[in-house]
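Written below as structure tokens is the structure these notes are about.
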Amino acid sequence: MTVLRTSMRNFFAHKGRMALSAVAVVLSVAFVCGTLVFSDTMSTTFDKLFAATSADVTVKPKNAPEGDEEGPKNGRPESLPASAIAQVEKADGVKSVEGGITSTSVTVADSKNKNMGPTSGGPTLAGNWTRNELRSMEITSGHAPRGPTEVMVDADTADKHDLKLGEELRTITANGDFKARISGIATFKVTNPGAAVFYYDTKTAQRELLGASGRFTHLSVTAATGVSDAALKQNVTRTLAGDAAAYKVKTQKESADDDRKSVGSFLDVMKYAMLGFAGIAFLVGIFLIINTFSMLVAQRTREIGLMRAIGSSRKQVNRSVLVEALLLGVVGSVLGVGAGIGLAVGLMKLMSGVGMELSTKDLTIAWTTPVVGLALGIIVTVLAAYLPARRAGKVSPMAALRDAGTPADGKAGAVRALIGLVLTGAGAFALYTAGQADKASEGSLFLGGGVVLTLIGFVVVGPVLASLVVRVISAVLLRMFGPVGRMAERNALRNPRRTGATGAALMIGLALVACLSVVGSSMVASATDELDKSVGADFIVRPAGDSGKPLTPQSVRKLREAPHTGHVTRVKEVQTKLTTPGGKTESEALVATDPTYTKDLRRETVSGSVAGAYRGNAMAVGEEFADKHHLKVGDKLTVDFDHGRTVKLTLAAVMSDDTAFDKGAMYTSIATAERYVPAGRMPLDSMLLASADKGQQDAAYKALKAAVAEDPAVQVMNQADFKDDLKDQVGQMLNMVYGLLGLAIIVAVLGVVNTLALSVVERTREIGLMRAIGLSRRQLRRMIRMESVVIALFGALLGLGLGMGWGATAQKLLALEGLKVLEIPWPTILTVFVGSAFVGLFAALIPAFRAGRMNVLNAIATE
Amino acid sequence: MAARARQVVKAYGTGETRVVALDHIDVDIARGQFTAIMGPSGSGKSTLMHCLAGLDNVSSGQIHLDETEITGLKDKKLTQLRRDRIGFIFQAFNLLPTLNAIENITLPMDIAGRKPDRAWLDQVVDTVGLAGRLKHRPTELSGGQQQRVAVARALASRPEIIFGDEPTGNLDSRAGAEVLGFLRRSVTELGQTIVMVTHDPVAASYADRVLYLADGRIVDEMYNPTAEQVLDRMKHFDARGRTS
């Protein structure tokens, strides 16, 4: 009881000093809980959506895509004949059957050729309006589409693009374009996370979306009262009898589960990535907590000595510190859980900016979320306080009698230095091994091990490095500030362990920033380099955004007719099952192109000639595939074209794997593919490559752009655009990661503030003395600011050095995957370094202000 | 006069809880003299010293250091004044642990950005007998040595006046005698002005003049005292304090 009381008293007596540690716990816990709440809410949203949109039983064609499988690339979804409706209607327990049509191979544009669908995130869905849709939608204005010139649009899309009844929209499909006026607006009854939905009447949908009358993409079966979905499914399957093999029959639950799979993996990736960053923040927070408790214990040495002298046991002292940590953990975690829910709501708002609309109505807080948050926060805090608590237990009763003055300055031990050096050395060796590896898989293991070992090594050896690095930084920076600079340096050096831990916290975040920026800029540099070396095409035409929708035939026709272009190469992906002479069968996508592809992308071959692959009944494979199956030029491969015939193609070339583009791709000519795949089943072009007539670059560029001005789903890029696009994509990716690492860096900055604030308290008497003998407020503040800057720069120097090492190793390893050029982004590195100095200044603001405000007499009189 | 106070009042709190620490005090500190301020606990002796030294502000009255009026000066000017014209010796914790002895000695001049006078510095260091220990950190010095470093620091910048707040309070009698001897010599030989607060009659006996404070007023003074005389006078005050 006494222990608890003392701990409580101490905790509340020092609540100011605990505040920053608490903030670190709050932030880390909030991030974990926020991530969990956010991803649970997303799951709920999708669950509700899919449950609402699925009929009691759905019948689909056998080869309709499932989950995250890709649909057919011919621009028409798989369909079933209308005659199936009559068949299913005969099944027992059927109340009604409706033929439904849904296609994603659609672009809808307004009169200004602006895409009405999302360009990233959600899909554009087009279909027929049926009673089944009423499960999830209701018409809130106008009426359902009647006839070929009417379209109904969902309310979210109408709001986003300010669409009104009567406005004309153009629908672009592989079967052509057509115009229709908005006859109605339908509102989702559940949250629509970001899809744009367009409804037509059934005949129009069949003609325009499927390119055939009398067909549907699915049947929605409604059960009669009292008939379960499972029973209905059985009945329907039985009724379909011999034709059942051509269909998939699913209950509502099965449909919803399968639909969820299509978003599930995306949700998981997001969740674990964010939890990873939360973990980094926790790691950084640990340093802060250790520092806080170390300082509190040091400052309380005399008090602890007294406790020991009057009979407290080691265990009791030890426990009293741990109980304080427990209190900190509880307070921080409880606040963190609350803040996490707020963070999740904030994230939801943020996501709406990138086309993911979530509603707070679906906010899902699973019981596990607060439990995980509290457990993590409390356990981490108590563990972090364990070492300082043990040190407190070791304080001898004599400490009470000694003149405490300032707590003894911690010295970095030789043993510690040795352990740190050994770890760092081992890590460096692992990194070196990773750089030398000739297989990416084994190299990445060494890379991971090297990263972890060097990180731990640096943390352990940090205090020793602190003495060294601080001296160097001071020699360069602080000496010009005379005695104030010298005192700042001495202050930063007086407790290397504290400076080391504070700097190390900053080091972690910055090391990751440096590493990723090196990898990112190397990626851009390598791709640009490869582009210059091997890409002969002047223009790349590809689907806009990340929709991956193939190009429509009408757009391709216009592009091929564009003036000033030399040649236009079509690129298609054809699904096949490939059987080697050895009898191994693998599912492979052939890249079927026009023969001019060899001019657009110059590739090395290991054997044979690429040109040969474009003659009739020939193909090329990648080096790895050839090695795996012991293939050589001249071998015959059995190719079973999806929806087409099975033929033997002659291997004409083995392509080198030493490339950044199309690694491992198998080539054949479009002419060959067309011979065996029926015209209606031939995939649309996934991309076009084009060259300009000599000296007509600009004219050709304009002509191509003009050719697809009416198709917002197509993007025409010249090489410069392509490079910019690449840079933008990598840049966006890096910015997102930097943003997430920002949390860890904020916690580290709090750590610097914390260390300075506690140091100022600890040095109250010293500060009083200095003020008494004539140090001005301004000089005092400057001294504290400089100490802060030195600590921050120490962390930055270590972090950036370490990170660049990691990045360079990763690049060497990824050189095997085409990342051939190492590019250190010096402007970024320099900005981060200089930025760290400012972070140091910022961190010192409050501690310096408080030190300056101290009353000289009180300060001197402080024990 | 090195310093003078006129009608100085220092009061804490207001109304019922008002405590007057200094009650209309007039005092003159002569240049080149060693002045000791004595008095029982709570007599206001430390407060008087703090006010004279510009560490604390007064409620009313004026204090002059040489010709400069320091009452009413802003913190910035006061700090400069302490740095350039005043030396301090505190009872304990006089030195910065991160700086070695010589760095501590030259600190006020370093802060001011002035070059110390080499010859003078050597003389001061010599006088306090620290020549061999200049590179030592405070933790490597004994209590007496630390106070001697503090004395050297106070002397090194040739301040107009040095204030000591029980400078020997934490030392044993031998080390205390040493430090007091240096203070005495710096007055006699170097012409330094020193004001020292103490409750030790032996320490006071090193002074040229002793001021007695009680209840925030100067109640007596004595020139060229001996320890016995001081002790006698103290007993007298103590007795009076008890009877009144």
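A Cβ is built for glycine as well, from the same backbone N, Cα and C atoms used for every other residue.
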In TrEMBL, one of A:194-213, A:414-433 is tagged transmembrane segment. Which stretch would that be?
A:414-433
At a C-beta cut-off of under 8 Å, are there same-chain residues at least 6 beyond the transmembrane segment (A:365-387) that contact it? List them, or none.
21, 25, 28-29, 32-33, 36-37, 40, 282, 285-286, 289-290, 293-294, 321-322, 324-326, 328-330, 332-334, 336-337, 340-341
Contact between the transmembrane segment (A:445-478) and the transmembrane segment (A:272-298) (3 or more Cβ pairs under 8 Å, separation 6+):
no
Chain residues outside the transmembrane segment (A:499-519) and at least six past its termini with a C-beta under 8 angstroms from it:
280, 283-284, 287-288, 290-291, 412, 455, 458-459, 462-466, 470, 492-493, 734, 737-738, 741, 744-745, 747-749, 751-752, 754-755, 791-792, 794-796, 798-800, 802-804, 806-808, 810-811, 814, 819, 822-825, 828-829, 832, 836, 839
Looking only at the recorded stretches A:272-298, A:321-345, A:736-761, A:788-808, which one has the largest tally of CB-CB distances under 8 Å to the transmembrane segment (A:414-433)?
A:788-808
Mean of the pLDDT scores, which run from 0 to 100, over the domain 'MacB-like periplasmic core' (A:502-706):
90
Which listed stretch (A:321-345, A:736-761, A:788-808, A:828-849) has the most C-beta pairs under 8 A with the transmembrane segment (A:272-298)?
A:736-761
Helix-strand-coil residue split for the region 'Disordered' (A:109-128), DSSP-based:
0 helix, 7 strand, 13 coil
